[in-house]
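Novice: In case it's useful when we look at the structure, here is the feature table from TrEMBL:
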type: TRANSMEM; residues: B:12-32; note: transmembrane segment
type: TRANSMEM; residues: B:39-59; note: transmembrane segment
type: TRANSMEM; residues: B:79-99; note: transmembrane segment
type: TRANSMEM; residues: B:111-128; note: transmembrane segment
type: DOMAIN; residues: B:128-419; note: domain 'NADH:quinone oxidoreductase/Mrp antiporter transmembrane'
type: TRANSMEM; residues: B:134-153; note: transmembrane segment
type: TRANSMEM; residues: B:165-187; note: transmembrane segment
type: TRANSMEM; residues: B:199-219; note: transmembrane segment
type: TRANSMEM; residues: B:240-265; note: transmembrane segment
type: TRANSMEM; residues: B:271-293; note: transmembrane segment
type: TRANSMEM; residues: B:300-321; note: transmembrane segment
type: TRANSMEM; residues: B:327-348; note: transmembrane segment
type: TRANSMEM; residues: B:405-426; note: transmembrane segment
Amino acid sequence: MNTWLTTFLIFLPMVGAALVWLTPFSKHMAGAVATLVALLEVALWVIAVERFNFATGDLQFEQQHAWFRDLGSSYHVGQFGFSLWLIGLTVIAGAAATAYAWWAGRERARAYFGLMLFLTGSVVGVFAAQDLLLFYAFFEAMLIPLYVLIGVWGGAGRLGATIKFVVYTVAGSLLMLAAIIVYGLQQNTFDLTQAMTSGNRWLFLGFAIAFAVKAPLFPFHGWLPDAYRESPPEVAALLSGVISKAAAYGFLRIAIAQFPEPAHHFRTLILALATIGLVYGSLLAFRAPDIRGVIAYSSLGQMGLITLGLFATNELGYDGAVLQMVNHGLISVSLFLLAGMVERRTATGEFALLGGMAKGRPALATVLMIVGMMALAVPLSSAFAGEFLILAGVFQHGWGWAAVGAIAIVLGAMYSLRLISAVLHREQGSAVSDAALDLRRAELAIIVPLILLLLVLSAWPDAITGHSFGHGGLVAGIQAAFQAVAK
Amino acid sequence: MINKPHVDWFALSPTLALIGASGLLLLVSVLAPKRTRKPLAATIAGAAFLTALVFAIALTDKSAHGAAIVADAIFRDRWTGLAQVLIAGCGLVAVLISYGERWREEHVGEYYALLTAAGAGLVFFVSASNLMTLFLGLEWFSIALYVLCAIDIHLVGSLEAGLKYLIIGAIGSATLLFGSALVYGATGSLGFDQIAAGTHAHSGLLVGGLAMVIVGLAFKTSAAPFHMWTPDVYQGAPTPVTAFMAAATKVGALVVTARILVTAFPSEQHLWTWALAGIAIASLVVGNIAALAQRNVKRLLAYSSVSHAGFMLFAIAAANTLGARSLMYYLIPYCAMSLGAFAVVAARERELGAPVTLENLAGFGWDRPFLGVAMWVFMLGFLGFPLTGGFWGKIYVFSAVYQHGWWWLIVVGVVATMVSAVYYLAIVRSMFLRDSVELALAPVGGAPSREVALSIGVAACLVVTVGSFFAVQPLIDAAHAASRALPF
């Protein structure tokens, strides 16, 4: 069973997708089946957590089958501690997004829900793949449903948004493909667990740019505002909450782990870009005129922060980055779904037309307030723990990074508070009618579990920081490689 | 008294099955009553391609040790065998696509006769082992295709296509013939093996001949700058013919190009690798950039086929066994994707009664989900996305050129792929991201999407395209066995 667990996690949603596509379900039924499959996936993940041995840092639930022997590529999947958490984020966010879409009632339901499940499966595949070509296949496979999900069910500007999104990501991932091929042929295997580390800076850049586009990091974020604004809210939630983490994961698992020397060489540059992204994104989020703009640009900032933690290349940084990946994932999924809920009531996300929604809507006010507080990283929140660890990690490379990072966190408080007050407080906006209802029970059922998870993590951040890397294994190897490079 | 060579009838069986069927079909077109002519002719043609397929598979299986046979006129080996399997498969699917085409009744027998004749020519062409059989095979399938392109005489585009193909094709053939004469002059032999054995010094005559042979074959591959007939002919010819040409002709021309260069001109390798790399890059540049500007889907796919010729020429230019293997592997999903894509275009064309453009594909994916999803898969396959064999094909070709030491060709290929994303996704965009209502399209002519034969053909292509992703290793093994026939 254990060896098959990862494969089940990847293919359960895919099988669910095929089921939804091929069975002539009604609109309602398709949503129900998809949500059920997504919840089963969460249950499967809980089983995986329960069976996972957190003491060791080695690959677990590993499975390998010959696939393309000629090139030394195989179907090889498995999970490290941190991949387990990221997979958890994926399946939970996937379930929330699917359930929200069911509740919101998307047209062409069978196609829609199939694509959502397919997307979930391929993201899980990205986090589990231990073979570079398999990783690339899943990485690209994510793009297929996203393209259609944004392009068909998105807002008015969706065509432009999809073109931008696809051009950026395809360009990035093809650079990665070139790097993968050269690296794999040099190593004579595409297996990440067998390939040696490489000192080739061009290959590192091929990977780094692909991940920087996907995350996105400054200055590769050109696709971000359009894609986040024009997507259906639950797709935007997955994009910023989950798919951006695939890029961060790639930085850690491939760019840093397999290329320690180039990562060391380019560290200052990447730290600088990440810091710029953090400050710039936070400033733009503060200036954004609508809810989604704030979340989108804050995502840019947060991905900068996470990258900062990863390229601190010490255990504090890694722990903080993984914790912050999960935090930001949960927060931004919640925020996008809340944005969707607000937009359903007011038909707009423009701050100029919103305001005063707290009055008579206690559930919405409470929920948005809690998530907003999480997003601004109030002390005792899990986001605070994550940001603190990251800054502590990056502090070891110079106090300047940490200082700028701390300033950006203040900016985070500013944009979060602005979001909260612009939606909930002030005068009642012209788009807000008294008839607009409070959150419905179904909406609460989707959003409250996410908030509970955030509260649990706030009380017990060690659940992730203490259970991501274990002893020995990947990170020990990375640290040894870095010490060798530093000498 | 002429010495009769020993004839290996088994080795000739795919050719004979097809040419025999062609003769039979000519009789059918005269003797069979009008009512039964169409189903009868299609059945015979389908059966012929199926027979050829079975023979080719058996032949591949039983030709582990390659040899030149029938007085050194043709090769019997797995390289030939696998190519014949592909061509016969293409023919079979082409018959399925053709069935629903609204042929004028009096031509239907001849159409299938010509299709099987073209198939026979191609199957013979890929087995050629000397310059004489090479030219014979080339003219054989070309002449059949010239007529096929022009068969819809009431369509101006079809006539124009036939004429254009005839003239430019004739130039290509003449170049090839002239080149063959020069090679013969330089070496005194016609057989590929003997040419290789006879050349020691670089003679201008030989190099000139080699260049002309490459150019002559490049016309058939539709590689730039010898592609100028491709968009017009692909657009003008009846769509099932285009489908067959895009898939089977490409198999024939590329397989033979690889064979003749590797077998007959190993000593000139440093010349032809560079020449092919140049042609390949030109094809990628021209094909991809020109495709960006197209609105007509057949034309767009024609330019896409030019760019894919570029990718497959990379494999030959790599001049190693990995390259030969990757060429053979690439051709498998490529044929399926080409046939499938043109089949979908044919379905839409029959539905609308008008040429298919990016505009009038709008909403197609939602109205005809099976064909729409299939087209989507084919486009992703052309683009080299995972879940299709196109993904492995590209990676494999890149591996081959990397092994040759040309990592920069990977960069060229990657940039070309990026550009191609724009137009392949434009088709997906038209089909799924726009509504047919938006354009107020009124389908004419019943419900041809229910056409069973075409749907079976598309389904087969879909299975091969996706199957070659998952079951890549068995196909690679077959390609590997085939590439052993070439003397690397």
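Here the Cβ of each residue, glycine as well, is placed from N, Cα and C on the backbone.
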Novice: Determine which residues of the chain contact the transmembrane segment (B:271-293) at the Cβ level, with the cut-off under 8 Å and only residues 6 or more beyond its ends counted.
Specialist: 207, 210-211, 214, 218, 223-227, 231, 257, 261, 265, 300, 303-311, 313-314, 316-319, 404, 406, 409, 412-413, 416, 419-420, 422-423
Novice: State, in range form, which of B:39-59, B:111-128, B:134-153, B:327-348 has the highest count of Cβ pairs under 8 Å to the transmembrane segment (B:79-99).
Specialist: B:39-59
Novice: Which sequence-distant residues neighbour the transmembrane segment (B:405-426)? Criterion: at least 6 residues beyond either end, Cβ under 8 Å.
Specialist: 277, 280-281, 284-285, 288-289, 291-292, 294, 300, 304, 307, 310-311, 314, 317-318, 358, 379-380, 382-384, 394, 397-398
Novice: Is it true that the transmembrane segment (B:134-153) and the transmembrane segment (B:240-265) have 3 or more Cβ pairs under 8 Å, skipping pairs fewer than 6 apart in sequence?
Specialist: yes
Novice: Are there residues at least 6 beyond the ends of the transmembrane segment (B:111-128) whose Cβ is under 8 Å from a Cβ of it, and what are they?
Specialist: 11, 14-15, 18-19, 21-23, 25-26, 29, 41-42, 44-45, 48-49, 52, 56, 73-76, 80, 83-84, 87-88, 91, 94-95, 98, 103, 134, 136-145, 147-148, 151, 241, 244, 248-249, 251-252, 255-256, 259
Novice: Below 8 angstroms Cβ to Cβ, which residues of this chain, lying six or more residues outside the transmembrane segment (B:12-32), approach it?
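Specialist: Long-range Cβ neighbours of the transmembrane segment (B:12-32): 40-41, 44-45, 47-49, 51-53, 55-56, 59, 70, 74, 84, 88, 91, 108-110, 112-114, 116-117, 119-120, 123-124, 127.
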